[in-house]
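Novice: Let me begin by handing over the structure; questions about it come next.
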Amino acid sequence: MGKNQRRDKIARLISWGHWFTFANIILCLLIGIIYIDSTPSPTTFISTVYLIVNWIGHFAFLPFVFFIILIFPFCLLIPYSKVLRSIAALISSLGIVALIFDALFFRHYGYHLNAYSLAQMAKDAEAAFTGASFVIILMIMLGFLILLGFELLLANYTWKHLSELQHRRLGAPATTVFVLCFFASHSIHVWADAELYDPITQQDDTFPLSYPTTAKTLMSKHGFIEVENYQAQQQKLMSAENIRLRYPQNTLLCSKTPQTQGITLMVFDRLNQAQTTQVDAVASNHGLKEVNIQLLAHPSREGGLFQLLYGLPDFYQDTIKNQNISPAYLKPLADFGIDVSWHTSPNWPQELGLTQFKTDWNAEPLSSFYPRSNNQLNVVMLSHEDIDRLPAILSSLGQQRVLLSSLAPNNTEGLLGQQQFKPENMRVTLWEKDFALPQQSIGGLMDVMPTALSRVMSCAGGTQSFSNGEDLMNGGERWPLVETYSPYIVIYDQDLITVLDTNGQYNIYRRADFSRVDGAEPTVPVLIDALKDLKRFSGRTRD
């Protein structure tokens, strides 16, 4: 083959590659609609414009990169059209089937495929029915074969009609649109990231393999902004004034359970080891059993009390106070005629009064506590100095169900840095009577109220309709557990503990000995799930 003939053939193959890639860009754009449909609609005009140009630019960029890296070299190395068409169809089929699979996965789970997400999908599939993972693999293989046949037809069609396609002169205008959309989307994102404009930055994880240029890295590198100012703005955005509370998410639809045995929830402000031993002896003498669970308290008593009473992360605390909101579960309890009472001992710290959450929320003195056998939910708050009162209180409860614990561990305030989040340092004991809670791996204070309420009412959506906690009656493995100890978010997983602060800084520790894992990064799907769950009852407003 002469040089000119070979050059002409290569040029024709490259031209064919452009049109074949263009056809796959259209296909990718159609698949991209699945991602758009799986996320909330943009709330502003500029965020809508950004979504459109990002959709066009991103899904034009992906097939183009595949062409440059995987197909273009074969045009030069193997200038034989039949072989090249087969290779291109195979590569495109693999890429498209992966994109479709990721899009469907994203629609269901809210994040993209990786090693963790594949394991999670397999676990969920097997939970649905035995052998589901094998069925999924068969479906993927069948989909790949169908797609491969389509790509072969597409490759042959574009090759046979190449001259006709070239005369249509669509290439230059289409390329211009794709390039402009690509650069426009990144430029808009740079501005949005600098301004902390949520309607745009919230779209960062919508499309796969998306790494938008951020102002924090780009503009600070060139001296346009100071990182400290950026972080100050970010903290302002996360402040209570900018949280739009949606609590509960919808009107609670609950039904009263047939059994209305009275429930008393008792909590000490904090207990040291010696006091815990004393309480355990008293509890055992009155029929209470220690629950086999690693229950994590809160470093501060105030934060622990909020998590216990509301079943919400403590970063909602200031918002709840500012908006003067009662716990959502009080209304259905009142509708069911269940009396709810709050009692504090004389030694209960004044700074832990209920008025810190709601101005007209006052607890009664412990002397007025009068338990009944049914249709009653009591919350009794005791100081660590009140252990001697415990026998009399427990004796007065009769046949009531009882949960007993403490708000905070005794030894965390003196710990340096993030050592306070070590599970052994955060753990408190949980005792119960007539709840028969099963053994389980881990839990938190946000789980206590949902556990108590599940015995008196059942709501559509379960406890998640009014709380971030879970009913401890469910038992079993529960990883990861996500806790907020303002200003930190702590993710407890089976092997690792991730501690994040409001600046986006993080540290990862081994759960076994709480030694720091250098160079490790949070698992993205776990982090996304954690943040989505924590923000379940919130939205953001802008100044």
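Placement of Cβ uses the backbone N, Cα and C atoms for every residue, glycine included.
TrEMBL lists 4-254 with the feature domain 'Inner membrane protein YejM N-terminal'. Marked as transmembrane segment by TrEMBL: 16-36, 56-80, 87-107, 127-150, 170-192.
Help me picture these features in the structure, burial and contacts included.
Specialist: If you look at the transmembrane segment (16-36), the same-chain residues 6 or more away from its ends with a CB under 8 A from one of its CBs are 51, 55-56, 58-60, 62-64, 66-67, 71-72, 75, 81, 88, 92, 95-96, 99-100, 103-104, 106-107, 154-155, 158-159, 162, 165, 170-171, 174, 178, 206-208.
Remote same-chain partners of the transmembrane segment (56-80), defined as residues 6 or more beyond its termini with a Cβ less than 8 Å from a stretch Cβ, comprise 6, 9-10, 13-14, 17-18, 20-21, 24-25, 28-29, 31-32, 87-88, 91-92, 95, 99, 177-179, 181-186, 207, 209-210.
Here the transmembrane segment (87-107) has Cβ contacts under 8 Å with residues 17, 20, 24, 27-28, 31-32, 34-35, 37-38, 62-63, 66, 70-71, 74, 78, 113, 117, 121, 140, 143-144, 147-148, 150-152, 154-155, 208 of the same chain, all six or more residues outside its ends.
Proximity of distant same-chain residues to the transmembrane segment (127-150), defined by a Cβ-Cβ separation under 8 Å and at least 6 residues beyond the stretch ends, is recorded for 89-90, 93-94, 96-97, 100-101, 121.
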